[in-house]
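Everything on this sheet refers to the single structure shown next.
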Amino acid sequence: MDSQKEALQRIISTLANKNDEIQNFIDTLNQTLKGVQENSSSVLSELDEEFDSLYSILDEVKERMISSIKQERAQKSQELQSQLSQCNNALENSEELLEFATRSLDIKESEEFSKAARQIKDRVTMASAFRLSLRPKVSDNMTHLMVDFSQERKMLQALKFLPVPKAPEIDPVECLVADNAVTVAWRMPEEDRKIDHFILEYRKTNFDGLPRVKDERCWELVDHIKGTEHTLSGLKFDSKYMNFRVRACNKAVAGEYSDPVTLETKALNFVLDNSSSHVNLRVEDSCVEWDPTGGKGQESKIKGKENKSRSGTPSPKRTSVGSRPPAVRGSRDRFTGESYTVLGDTAIESGQHYWEVKAQKDCKSYSVGVAYKTLGKFDQLGKTNTSWCVHVNNWLQNTFAAKHNNKVKALDVAVPEKMGVFCDFDGGQLSFYDANSKQLLYSFKTKFTQPVLPGFMVWCGGLSLSTGMQVPSAVRTLQKSENGMTGSASSLNNVTQ
């Protein structure tokens, strides 16, 4: 019976996964169909605009050429009309002179004849008919304004859609996820020298496999990538996976997207648990600050509601964890007394994890480490066998020490500006590093028998933390050689919980 139920549960899980996969594919098809309709309308509109622009250019060229022909016709006509008018006037004067000369032949009187002959000679000498050019000033030839658009017609007939680059292929083997950076590498299925650049798109997701159309996050874009790989650095890994896709672009158009690739980007993400922090701490998701007046306004409320809630009423300035309840802790008493402590809201039960902490410059005292969820409300970090930490004291005298089970080991290293915390739950190791130089500050070696929570103590100052970080490569490298360097800390590490 039990085996049948287990088999049925596996079948149900398989069917549910398959239904989810099919539904995602249906969403993809609907989105693609919608895209076809929208994109085809868009390219039709662009085609109309391109042809209208082409028609407009042809009309402009036609008008310009027609204007040139009309201007030349007007110029030649004016020249010929002027020459024609001159010739008509010269002909009229010449005919009149011819008639006068003909009449003069009939003069009988010698003296009068001689006078007429002299007049005719003088008039002939001055006659415009003998100064005229009897060649047209312009030609009637207009062939230099003729056109031959045979080549242009061939070009127009050869018009076609732009060549679109093929979709690149992302190579998952060449992609690298490390140090909160992702390097994506791709290649073209065939050489294309017309490619000008690439566009990389990415988005965070908590779903494995193909990207979901209805994913809660939008695609982000990196444009004008000249090579065939790109590195996104400084990322916060606050999701389990990231989707990537890339497309090639020539000078005119962008090609199809590559098949999307999903890469795993898991890291520890947690916020500070305001519900159980000391009342003298002002707590937000990623920072905590000492507030000496924080508890005074809440004492009466806490006493009046002792039976309903041990957590009191949060200050209006505090950010409630609210929609993100603690992962495994459940409710617990607030820290009180001199335990100015706040814990993370997410327990570490396995694996290797890393986060960073930065103290305010004027912070007088603080501790950073981990603790079991059973840490008492009066307990201070490092003073019980359920917590491990490094403690910085800048009050009266400066000290830097590792603490566990009320044992203290002074550390002969400088306090870093920002501290990195490495927790290897399965390996039973808690190490502290200079977050900038990755210098090892101290390591605890133990055996964790319960889930641990990131823990912080602060007095007269404040801390800010960074989560969603992978274990840095430098820390991983140091861990391989660091196991043999913890002998000097044995006095703090010999307690097994």
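Glycine is treated like the rest: Cβ placed from N, Cα and C.
Per TrEMBL, the features are as follows:
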COILED    1-111  coiled coil
DOMAIN    105-162  domain 'COS'
DOMAIN    164-268  domain 'Fibronectin type-III'
DOMAIN    268-474  domain 'B30.2/SPRY'
REGION    290-334  region 'Disordered'
COMPBIAS  298-309  compositional bias 'Basic and acidic residues'
COMPBIAS  310-322  compositional bias 'Polar residues'
Overall pLDDT of the domain 'COS' (105-162), taken as the mean:
86
If you run through the domain 'Fibronectin type-III' (164-268) with DSSP, how many residues end up as helix, strand and coil?
3 helix, 46 strand, 56 coil
What are the DSSP helix/strand/coil residue counts across the domain 'COS' (105-162)?
31 helix, 0 strand, 27 coil
